[in-house]
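Trainee: There's a structure below that I have some questions on.
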Amino acid sequence: MVDQISDGGEFGRFVNVCLTIITSLTYCYFISRNIPKGFPRLTSVLPIIYIFILLPINLSSILLNLAIGFSTSWLSNFKLILFSFDAGPLSSDPPLLSSSPSSSSMTLVRFLCIACLPIKLKQSKPSSQPSGNIHAHGLKCYYALEGFLLGLTIYVYGYYQQCHYKPNFIIINFLYFFVMCFSIEPSLVACYALARFLFGLDVELPFNFFFLSTSFHDFWGRRWNLVSSNILRLMVYKPVRHIFKRSWGKYVAILATFFVSGLMHELLFFYIDWQKPCWDILGFFILHGVCVAVEIKVKQSLKGKWQLNQFISTQLVTGFFVCSCFGLIFPSVERYI
């Protein structure tokens, strides 16, 4: 189907990409019902994984390119690999591969939504995320404010682009930072709303007020892009931790997780114009992986005897995140602007 993409413009190519995704995942759903878990099932989905890796090259729009790359080449492929071994969100309880013909269509829709949408199913344990009518009203105001700030940031960025003089380095990088923060979260929240209200899936919000993070572990593990962190935890951290069972094994698992995350982000940028990677983005994630590992080790050594003030720690974490974005992420972004 990928080879049959017509010249109907970007919208036509996007429709064909979506049809390819639905057809491919439907194949995975039905073919896997009769194939045992493990390497036999993995072998059956390998052609789909290959197709998903190639899908973004059919789109020229940067936003669509990144969206399809993130949803399919990264998340869907990782979910399918986990699904091959009867793990991950596609092997939830109750099982998605229902043998009942009457429920087959419903479970197929559920399978497709979980497989292709960047969402995180809600765990049985209580969530730390806000709930209730008051919190829901506050979230609506928060997202409305975020949308307003995104529009304002884009307007200011457009103004600076039209200026005859070169924009100040600090200002332009702050604009990049605000666009990144204010665009990623609403996009994933839209997928959250689609899965929750249209398909009835019990999913968690993808972000949890990341600007309130009090540590690197809190930022990456509990607040920033919980969709990616959940998949990376299942796909990389747990298997590596299972292999290295000694006390230092968790640090190896943390570094491996951030390394894979960095590679996947490099792949997303590679899709845009097929330029040779500079590996700045990979360096960003390795740096933060080291910070998380060192932070956990230091806290274990101190055993709670000394703790930094919460307000100060929040400012330090946020400041380090912003500065590392300025030094490693945004130089790569400028190549595509």
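Just so you know, glycine gets a Cβ as well, placed from its N, Cα and C.
Sharing the feature lines straight out of TrEMBL:
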TRANSMEM  14-32  transmembrane segment
TRANSMEM  44-68  transmembrane segment
TRANSMEM  141-158  transmembrane segment
TRANSMEM  170-195  transmembrane segment
DOMAIN    207-286  domain 'Wax synthase'
TRANSMEM  251-272  transmembrane segment
TRANSMEM  278-296  transmembrane segment
TRANSMEM  308-330  transmembrane segment
Trainee: Please give the average pLDDT for the domain 'Wax synthase' (207-286) in this predicted model.
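Mentor: A mean pLDDT of 91 is what the model gives the domain 'Wax synthase' (207-286).
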Trainee: Within the same chain, where does the transmembrane segment (251-272) have neighbours whose Cβ lies under 8 angstroms from its own Cβ atoms, ignoring anything closer than 6 residues to its ends? I mean 6 or more beyond.
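Mentor: Residues 56-57, 62, 65-66, 69-70, 73-74, 228, 232-233, 235-238, 240-241, 244, 279, 281-286, 288-290, 292-293, 296-297, 332, 336 contact the transmembrane segment (251-272) from elsewhere in the chain.
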Trainee: Counting only residues 6+ away from its ends, which parts of the chain sit with a Cβ under 8 Å from the transmembrane segment (170-195)?
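Mentor: Residues packing against the transmembrane segment (170-195) from afar: 67, 113-114, 117-119, 143, 146-147, 149-150, 153-154, 156-157, 160, 201, 203-207, 210, 225, 227, 322, 325-326, 329-330, 333.
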Trainee: Would you kindly list the residues that approach the transmembrane segment (278-296) from elsewhere in its chain, counting only those six or more residues past its ends and only Cβ-Cβ distances under 8 Å?
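Mentor: Same-chain contacts beyond the flanks: 215-217, 220-221, 250-251, 254-255, 257-259, 261-263, 265-266, 269, 320, 324-325, 328-329, 331-332.
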